[in-house]
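Enquirer: OK, TrEMBL features for this one:
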TRANSMEM  A:24-46  transmembrane segment
TRANSMEM  A:58-81  transmembrane segment
TRANSMEM  A:101-120  transmembrane segment
TRANSMEM  A:132-151  transmembrane segment
TRANSMEM  A:171-192  transmembrane segment
TRANSMEM  A:221-244  transmembrane segment
TRANSMEM  A:264-287  transmembrane segment
TRANSMEM  A:299-318  transmembrane segment
Amino acid sequence: MTLSATSEDRRNPLAGLLAENSNLIGLAAIIVLFWIGFTSYAPGFVSSFNLFALSRSLAIDIVVGFSTMVVLATGGMNLAIGSIGVCSVMLAGWLMQELGFPLPIALAAGLGLGALLGFLNGFAIVRSGVNAFIITLASASLFLGAMLILSKAVTFNTLPPEVAAFGRMKWGFVSPLMVIALAIGAALVVLFRFTALGREILAAGANARAAELSGVPVGRAIIVAHMLSGLLAAAAGLMLLFRLGAAMPSIGQDWLLPSFLAPVLGGTLLSGGYVSVIGTILGALLVTTIRSGLLVMQIGNFWLQLFLGLILLLAVMLDRYRSVHAERRSLGRRA
Amino acid sequence: MTKRFTGVAARALPMIAATLLGLAAAHASDNKIALIPGGPHPYFAPWEQAAADAKKDFGIAAVDFKVPAEWKLNLQTELIESLVSQGYNAFGIFPGDAVGINTTVEELASNNIPSAALAGCSQDPTKVAFCLGTDVYNSAYLGTKALIESMGGKGKIVHLAGLLVDPNTKLRMEAVEKAVGETNGAVSLVQHITDTDAQEAADQKINALLGAQKDQIDGLIATAYIPSVVAAKSLRNLGDKRIKLVGIDDDKIVLDGIKDGFVAGTMAQNPYGQGYVGAYVLDLLASGTCTVKDDAPWIKTPQTAHFIDSGTLLISASNLESYGADLKKLTGEIQSTFKDKYLACK
């Protein structure tokens, strides 16, 4: 059956494309259904105020999802993205408020710190051989603790006015933060589709042993993936800094669930070797849509966590189904 | 016949008038007001009744108590945004973060939606119309003074404080230090134990403290709800009446502790009054009939120049039965004088 489907793919490229992107099409269809449902039952859902708010939350959710997606590519994970995000935000806030640094330098420093903390995670994982789960679980607490000690949990709230002004800016009913998120997505597509580095990261995730024997520097790929993850976590944190107009020590502590939901829903494999940038964007859109819709329908407050947990569970089961399906397909091809 | 009609009319007219007046009251305003705490917390429970009473008493179309699922700023702002989408046009907010809430508040203002900070203030510069809450600095200061008095003016005390991210916690720490400083060394502050305003954390930290240093401590000042309750319970379990405790708020466990001598006193706040008066004023602001006066007798605090004290008093064995009436009287006074004191109305 798998073989015949493959033969059919060869005969009909459109069918092949549809089959390859069936997950994305299914996800897009689910999103459309939710939008129809929410628009019908809660007209306020498509008000310009809500669409703007939704686009701003979505932009941050997408980048948070990317941050986890790049380490899932290696078959690893990064539980420290929230801690890295808040460290970067607090550094940028401190530089602007206490030392009077201009905004671009503070942002660059925040991004640099994110990449550095990601590098430390990757380095520790490669050097120690300990699972990424343990290393990043420990570093999440380590980074957060260090930040709290250094900042004394004091919020930096007298930042240049352009910070909050940018967060409030509207292009129609879309936040410019959304453009940043999509630009980051485009850069990631280029990385994973068209560069040797991207292919090395995916190869390391697909089968580390085979990649190593083929000359792929697996250790380097893992470190780079974690650096990238740290950089993206910092980017998400800084986007939140624009959104809130202040650097607060409470940022990032609720990122973990959406960070996994977006890429896993979008088709990125937990076992590594395959990522989907567009899928992650759609996954984030689904999560943000449900969150916003439930809130607008006034059933969101306490049910939201339950729904998100259920969705993650379904996404993981879907991921498992995909893995089994892919395995059967590959066995079929070999046969 | 005429006489009978006159009699019927005499009885019916007041009834019709009353019904019409009632309807008029019920539809006095089309405003939809939401009272939103920072997250789930027993302190805010009286806001629900305050919302219902304000809706009825002032004839507001809707006054609803909406709680974010968790104590996180982004959940609070998302809830506010979703309520705007549902047509709510005025908000009484306990800021999930004193600064972080300002962007949302500014967006509300740019959509002509008034907001007020209730129970906790947002940091100036802010677009909230005013902040109505307990003068937390004064409350913690008075509470610590009362504790020191109950200890006979000397000894060692520990401060059990709330969440570090709560805008009020730092103010309370400063107030406790000030009251201790005024004793010229007769009383010393052993430590501030923060982040105790959650059941598990409070249980662990307070019981560990009492287990390890019970004999070295003479007094506890709790400036958050949950550590007040946990400390009152722990002292009762230990059977310890030597260590003096002054808590905050009027949970039954704390009040029973006062009655039985395990708690020296507790600082009453006025959450009901904050919700009730807050809804009343937001209705006036949202209707466009009133604006906030710049030259009103505002109290200036480190957070805001537009603060109004919702009232605080020490509950001790002497006023245990009467404090409820005192708070109601206080709420009535704030509400009845608010318009003249703080608003300019058409």
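Using N, Cα and C of the backbone, Cβ positions are placed for all residues, glycine too.
Since the structure is predicted, the reported quantities are computational estimates derived from the model, not experimental observations.
What's the neighbourhood like for each of these?
Expert: Sequence-distant contacts of the transmembrane segment (A:58-81), counting only residues of its own chain at least 6 positions beyond either end whose CB sits under 8 Å from a CB of the stretch, comprise 117-118, 121, 125, 132-133, 136-137, 139-140, 143, 175, 177-178, 180-182, 184-185, 188, 192, 201-202, 204-205, 208, 221-222, 225-226, 228-230, 232-233, 235-236, 239-240, 243, 252, 255-256, 258-264, 266, 268-275, 277, 280-281, 283-285, 287-288.
If you look at the transmembrane segment (A:101-120), the same-chain residues 6 or more away from its ends with a CB under 8 A from one of its CBs are 78, 80, 83-85, 87-89, 91-93, 95, 139, 143, 160, 162-163, 223, 226-235, 237-238, 241.
When Cβ-Cβ distances below 8 Å are used as the criterion, the transmembrane segment (A:264-287) is approached by residues 23-24, 27-28, 30-31, 34, 58, 61-62, 64-66, 69-70, 72-76, 181-182, 185, 188-189, 192, 202-207, 258, 308, 311-312, 315-316, 318-319, 322-323 of the same chain, each at least six residues removed from its ends.
Counting only same-chain residues 6+ beyond the ends of the transmembrane segment (A:299-318), those with a CB under 8 A from a CB of the stretch are 23, 257-258, 260-261, 264-265, 270, 283, 286-287, 290-291, 293.
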Enquirer: Using a Cβ cut-off under 8 Å, which residues of the same chain at least 6 positions beyond either end of the transmembrane segment (A:221-244) come close to it?
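Expert: Residues packing against the transmembrane segment (A:221-244) from afar: 56, 59-60, 63-64, 66-68, 70-71, 73-74, 76, 78, 80-82, 84-86, 88-89, 92-93, 107, 110-111, 113-119, 121-123, 125-126, 132, 159, 163-164, 166-167, 177, 180-181, 184, 197, 200-201, 203-204, 211, 251-252, 255.
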Enquirer: Using a Cβ cut-off under 8 Å, which residues of the same chain at least 6 positions beyond either end of the transmembrane segment (A:171-192) come close to it?
Expert: 48, 51-52, 55-56, 58-60, 62-63, 66, 69-70, 73, 198-199, 201-202, 232, 235, 239, 242-243, 275, 277-278, 280-281
